[in-house]
């Protein structure tokens, strides 16, 4: 019985298929279709104006602490933010699939981008990048231990990026699934208790919308901080 319940809980995270073809690619590219295309009109509509305002504000906040060479990454980081934000929010809709609950997808985004920031640092400032592994003034007996610790902390960064995004979104989806199941189960027992549980579900959904937005921002923000260290 417990195994059946656990299987039912986690089936929502399985990639759906049609005629044996995984539909995860469709779920990943759907957010791009919802954004309005550039217009040739002199005056934009409200949707396009709001989109331009958001992208401009986000780009300013993101690039404010970065050095000038890192500004070349503005388009990539902004596109990544819009990509993650769209997938996270669309995944909260009923009968949808959230690609960012898959650790493989998140690591596929985190590892190449993290590696690009590290290689950028080694290419542009090789000595400075190596200096991160050994702080100045370290006692001689501690040098091997500190180098090992700094190396582990460096390689754990992409794993932390992917696991953080996966864990937060997965936990939220599981809570919504459990509480929504409790609402239907308690309806026949007590309407008042069912309504109270429904109000908790509504509040949790609002919280998950905020979490979906925050996690997309945190993912890109941490990448920008890694980039700042290497430029």
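Placed from the backbone N, Cα and C atoms, the Cβ positions cover glycine too.
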>> Of the ranges 51-68, 105-122, which one does TrEMBL flag as transmembrane segment?
In response: 105-122
>> Taking contact to mean 3 or more CB pairs closer than 8 A (sequence separation of 6 or more), are the transmembrane segment (73-93) and the transmembrane segment (202-227) in contact?
In response: yes
